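Reviewing the structure listed below.
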């Protein structure tokens, strides 16, 4: 049966990895609640999901706002008739020297990358308990959650925090039958990596594209990751084959960071 008939909520679902995750979960049989700040992009993804024969709902929310995340979970339950899986995927990059980063940049990064995950954990766990059934919480981490990277210090700190939240939540929620895991992508061909490469070029004086190529050249499998590579692993975490797995944050980076 897999996840056929389950209801999943994906944040940051309007593009990139989030879109790929939403599409894969729908292809595997789930109905999907799509959450993002861009309604037009959400509507486009929803149309793609409906075309596969599954149901989709759209909810515009800022994941840094606790009440909006709680409302998104409730909307998923009300519109799709259940709630079984949350993927706390929304996140932002922050590229700067630690000596130059501003308080506002730090706050924005932590608000979205850390608080957004925490509010998702809270909202999902509370709903699972209210419904009196088990559930799966899946969080977006990164290779930068296993190793701090130059010019990505605050971003790395935010992803280390996600790994800590994943472990702590797994321990707290295991008795309720709720599993909590994370996924740690590497160099993915998305708009976020375009932003990272461009900003690093501005800081270091390198050619645009040089940083991206340098990272890709270090990948053992010899290519950048696709959003679908990430989505396949998230689908595993969402399904019954991962029922005995909790508190983990595996690297899915093609062989770039080794732990």
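Backbone N, Cα and C define each Cβ position, glycine as well.
According to TrEMBL, the protein carries these features:
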- 155: active site, proton acceptor (ACT_SITE)
- 15-17, 36, 62-63, 89, 155, 159, 185-190: NAD(+) binding site (BINDING)
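Counting every protein chain shown, 18 other Cβ atoms lie within 10 Å of the Cβ of residue 15 (NAD(+) binding site). Of all the Cβ atoms in the protein chains shown, 28 others lie within 10 Å of the Cβ of residue 17 (NAD(+) binding site). The separation of residue 155 (active site, proton acceptor) from residue 15 (NAD(+) binding site), Cα to Cα, is 20 Å.
The Cβ of residue 89 (NAD(+) binding site) has 10, 11, 12, 13, 17, 18, 21, 140 as same-chain neighbours under 8 Å, each 6 or more residues away in sequence. According to DSSP, residue 15 (NAD(+) binding site) is assigned to coil rather than to any helix or strand.
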